[in-house]
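Heads up: the structure comes next, in structure tokens.
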Amino acid sequence: FIMIKPDGVQRGLVGEIISRFEKKGFSLKGLKLITVDRAFAEKHYADLSAKPFFNGLVEYIVSGPVVAMVWEGKGVVATGRKIIGATNPLESAAGTIRGDFAIDIGRNVIHGSDAVESARKEIALWFPEGIAEWQSSLHSCIYE
């Protein structure tokens, strides 16, 4: 599960971010532009509820629209995290999304699931209606 946060949407980075995942060879299975309410944001970030930055994070996520996405492909969670970069943009390498587009940890452009199990939970939360089932005609060009 990948979410472009309000700063990424406001700054017009949606196309660039989608392009990076597509160019890597991943398939887009779900996409929605949505503004979430506080209760939904709190549910999404429930694992961080005891952290001192929790309320600020929730306020930030509800401050504008986000783009929620589901990507599929071999190693998509681990590779997605590498494409995104470190949580703290100052620790992110150039060439990563956060390394190229973010400065502050509190405005780091994008969220990516940290594990396959987290991705399953987040996809169920954000896409209760399910995702598109299709396979790119380029699949055989990307995978053995």
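Each Cβ is built from the backbone N, Cα and C atoms, and glycine gets one as well.
A quick note: this is a predicted structure, and the numbers were derived from the prediction, not measured.
Per Swiss-Prot, the features are as follows:
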BINDING   Lys5, Phe53, Arg81, Thr87, Arg98, Asn108  ATP binding site
ACT_SITE  His111  active site, pros-phosphohistidine intermediate
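Looking at Phe53 (ATP binding site) and His111 (active site, pros-phosphohistidine intermediate), their Cα atoms lie 15 Å from each other. Less than 8 angstroms from the CB of Arg98 (ATP binding site) sit Ile84, Gly85, Ala86, Thr87, Pro89, Ser92, Asn108, Val109, Ile110, each of them six or more residues away in the same chain. The Cβ neighbour count for His111 (active site, pros-phosphohistidine intermediate), using a 10 Å radius and every protein chain shown, is 21. Ranking the binding-site residues Thr87, Asn108 by C-beta neighbours within 10 Å puts Asn108 at the top. Counting in whole angstrom, His111 (active site, pros-phosphohistidine intermediate) lies 9 from Arg81 (ATP binding site) by their C-alpha atoms.
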